[in-house]
Amino acid sequence: MAAFSEMGVMPEIAQAVEEMDWLLPTDIQAESIPLILGGGDVLMAAETGSGKTGAFSIPVIQIVYETLKDQQEGKKGKATIKTGASVLNKWQMNPYDRGSAFAIGSDGLCCQSREVKEWHGCRATKGLTKGKHYYEVSCHDQGLCRVGWSSMQASLDLGTDKFGFGFGGTGKKSHNKQFDNYGEEFTMHDTIGCYLDIDKGHVKFSKNGKDLGLAFEIPPHMKNQALFPACVLKNAELKFNFGEEEFKFPPKDGFVALSKAPESFVVKSQHTGSAQVAQTKFLPNAPKALIVEPSRELAEQTLNNVKQFKKYIDNPKLRELLIIGGVAARDQLSVLDNGVDIVVGTPGRLDDLVSTGKLNLSQVRFLVLDEADGLLSQGYSDFINRIHNQIPQITSDGKRLQVIVCSATLHSFDVKKLSEKIMHFPTWVDLKGEDSVPDTVHHVVVPVNPKTDRLWERLGKSHIRTDEVHAKDNTRPGANSPEMWSEAIKILKGEYAVRAIKEHKMDQAIIFCRTKIDCDNLEQYFMQQGGGPDKKGHQFSCVCLHGDRKPHERKQNLERFKKGDVRFLICTDVAARGIDIHGVPYVINVTLPDEKQNYVHRIGRVGRAERMGLAISLVATEKEKVWYHVCSSRGKGCYNTRLKEDGGCTIWYNEMQLLSEIEEHLNCTISQVEPDIKVPVDEFDGKVTYGQKRTLGGGNYKGHVDVLAPTVQELAALEKEAQTSFLHLGYLPNQLFRTF
């Protein structure tokens with residue numbers, strides 16, 4: 001308790017921490033908690049199981065409590081608010097709502113970006129909520145640009161999310177990253193007219209007075225949102241005309257210039273030249289902290305930690321809410337209406353509630369992105385930027401929004417780019433460094449070579465069910481086609497997984513498969529061996545964890561594995577991201593992950609203090625054809641086995657290349673073992689070894705002593721000689737004096 005109190009943690013939280021047997025803070029907690037309590041933005045990276053959740057939860061809970069306590073006692077902070085009223089009073093491009101390399105002339109109408117690699121955008125100072133309106137844009141050079149309309153929620157990269165409508169110089173219209181042919185190309189000296197009919201919900205454009213026809217119908221979710229003139233440039237220059245000057249091509253059919261729009265139709269931008277300041281009015285659906293997680297399991301795990309840490313906090317009590325998919329929204333809305341202080345959720349459901357106004361972000365003091373690299377890899381960068389833009393940068397009591405980003409690695413380009421965009425001079429707390437394999441983890445590769453191991457030919461129909469990628473192919477023995485070898489690999493991997501379990505008498509292991517259907521097929525094969533979910537204690541008792549299983553089943557399966565009711569957890573990479581499972585003795589990679597960082601996440605699950613951990617990867621020596629769904633259903637009911645480049649949903653998976661990339665990433669050679677999966681035993685301590693990597697990486701005490709023994713003997717001889725010389729020199733002067 002004293003250790004946490006010394007960092008400034010309040011006694012109530014320290015008491016709860018002590019009951020959890022956390023006697024001392026972990027390294028990541030010791031570094032991060034004081035920084036967050038001090039009001040800073042923090043970027044943190046540490047190993048799974050290092051106490052990372054506590055590192056951000058403890059200070060967030062404390063500051064939220066202190067904020068509520070101040071409000072309860074009527075204390076108010078002072079916020080200095082500047083306004084850009086002079087800018088917002090006229091129609092022009094907004095200098096406070098633009099990209100970092102977007103320049104605006106003194107008239108507010110001439111715009112330029114000379115960045116040649118990145119797009120930079122800008123919105124106008126005013127938007128519209130009603131009526132029929134028009135403005136013109138003239139192209140001053142041959143650079144790339146898109147012009148159009150967007151809401152305040154939209155990204156400045158116009159047309160790449162569901163809140164903006166753009167028309168580009170390449171003759172493409174764009175909305176929600178959908179780029180379709182429209183109209184015709186435009187370039188230097190062309191004038192583009194931008195039409196907006198809010199009453200009908202129509203957006204269209206013209207080129208040099210030529211009407212190009214309807215471009216977009218405004219979707220229902222945007223009917224009540226103000227739309228602002230917007231553009232995005234790459235090495236280009238534009239000049240806007242909102243109607244203060246005479247139009248080159250005046251509009252017809254009742255469209256009026258933006259500058260002539262009635263004041264009742266016009267709204268001013270929220271970007272006013274200083275940080276947006278939160279309103280002081282209490283709202284029950286406006287939390288003080290928002291924690292975003294990439295998966296349901298992680299969100300539930302974090303919420304449980306929050307409940308534990310706040311156990312002794314009272315007057316006022318903190319109210320928390322879990323917002324995830326797969327749960328009735330009405331239950332979550334009911335809790336929101338009664339008031340919440342801390343929200344933990346996943347992007348999908350959070351986005352729904354924020355976009356419909358059910359979840360209000362105007363009071364948020366903390367934005368926490370846990371497993372940020374996972375969120376970005378799942379395509380949630382637009383969501384993150386959108387919610388960050390909606391959160392006031394200054395709270396009603398004058399405090400600054402704090403952003404905390406947790407990531408498995410801070411060496412990801414996407415994470416660095418995100419931090420530069422949404423964080424304010426963040427402190428980096430990197431206790432993980434570049435990826436490496438702990439000394440307690442032995443990892444080996446088992447080559448799966450269907451050309452040398454012909455077992456797959458002799459199994460008949462008793463083998464594992466495969467993923468039906470080759471349902472229409474001739475894969476019978478003798479075909480000697482890539483498809484035949486690919487199907488053989490799938491069959492052999494099922495056999496090798498069973499063989500590994502039997503050979504090492506595995507009592508507990510996590511088994512990673514590449515896809516959800518692979519997980520289901522392996523579970524079914526274990527059931528054929530007599531195991532399965534309902535066979536407690538059986539050699540092949542197992543449960544599955546992946547996105548297609550219902551939330552309550554996923555939660556139940558995770559708990560059953562943790563309690564030891566079943567031996568094996570068969571899962572996709574969802575379990576490799578932060579879920580509180582570590583210290584298992586074995587991991588089996590049925591297929592290598594396509595991201596090398598995920599390999600380290602997977603095998604990092606193994607190892608205990610009293611026994612070394614063993615990670616076995618089954619690596620195909622030939623290419624395997626696998627599912628890679630790019631269809632709208634994301635694989636549900638899809639049987640399109642054509643290759644991705646041919647409009648299908650499959651790819652050829654090259655595990656040997658992936659293995660090479662992993663070895664290069666870790667700067668080591670991973671030892672290979674024979675298909676019998678017998679791993680060599682170290683003579684000194686009886687633990688498994690993984691050969692060359694062990695020798696290179698150190699940690700083998702006996703081998704280390706053998707190597708150093710001759711050097712130590714030589715040093716001992718030199719030491720003896722030096723001391724003898726010193727003694728000889730000490731007596732020599734006395735002997736010389738006596739001779740005289």
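Cβ coordinates are placed from backbone N, Cα and C, and glycine is handled just like the others.
What Swiss-Prot annotates here:
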- Ala46, Glu47, Thr48, Gly49, Ser50, Gly51, Lys52, Thr53: ATP binding site (BINDING)
- Lys281: SUMO2 cross-link (CROSSLNK)
- 2-428: domain 'Helicase ATP-binding' (DOMAIN)
- 493-681: domain 'Helicase C-terminal' (DOMAIN)
- Lys239: N6-acetyllysine (MOD_RES)
- Lys268: N6-acetyllysine (MOD_RES)
- Lys281: N6-acetyllysine (MOD_RES)
- Ser481: phosphoserine (MOD_RES)
- 1-525: region 'Necessary for interaction with RELA' (REGION)
- 1-448: region 'Interaction with dsRNA' (REGION)
- 1-295: region 'Necessary for interaction with HNRNPK' (REGION)
- 525-740: region 'Necessary for interaction with HNRNPK' (REGION)
- 370-373: motif 'DEAD box' (MOTIF)
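Sequence features annotated in Swiss-Prot and their locations in the structure.
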| residue | record | Cβ within 10 Å |
| --- | --- | --- |
| Ala46 | ATP binding site | 22 |
| Ser50 | ATP binding site | 18 |
| Gly51 | ATP binding site | 19 |
| Lys52 | ATP binding site | 26 |
| Thr53 | ATP binding site | 24 |
| Lys239 | N6-acetyllysine | 17 |
| Lys268 | N6-acetyllysine | 17 |
| Ser481 | phosphoserine | 14 |
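Ranked by CA distance from Gly51 (ATP binding site), the modified residues Lys239, Lys268, Ser481 have Lys268 at the top as the closest.
Residues 52-53, 56, 291-294, 298, 302, 405-409, 412, 414-415, 418, 577-578, 597 of the same chain, all 6+ positions outside the motif 'DEAD box' (370-373), place their C-beta atoms under 8 angstroms from a C-beta of that stretch.
Of the candidate modified residues, Lys239, Lys268, Ser481, the one lying closest to Thr53 (ATP binding site) when CA atoms are compared is Lys268. The two recorded residues, Lys52 (ATP binding site) and Ser481 (phosphoserine), have Cα atoms 49 Å apart. Rounded to a whole number, the distance between the Cα atoms of Lys268 (N6-acetyllysine) and Ala46 (ATP binding site) is 43 Å. Of all the recorded positions in the record (Ser50, Lys239, Lys268), the one with the smallest CA separation from the residue listed as 'phosphoserine' is Ser50. Look at the motif 'DEAD box' (370-373): DSSP puts its residues at 2 helix, 0 strand, 2 coil.
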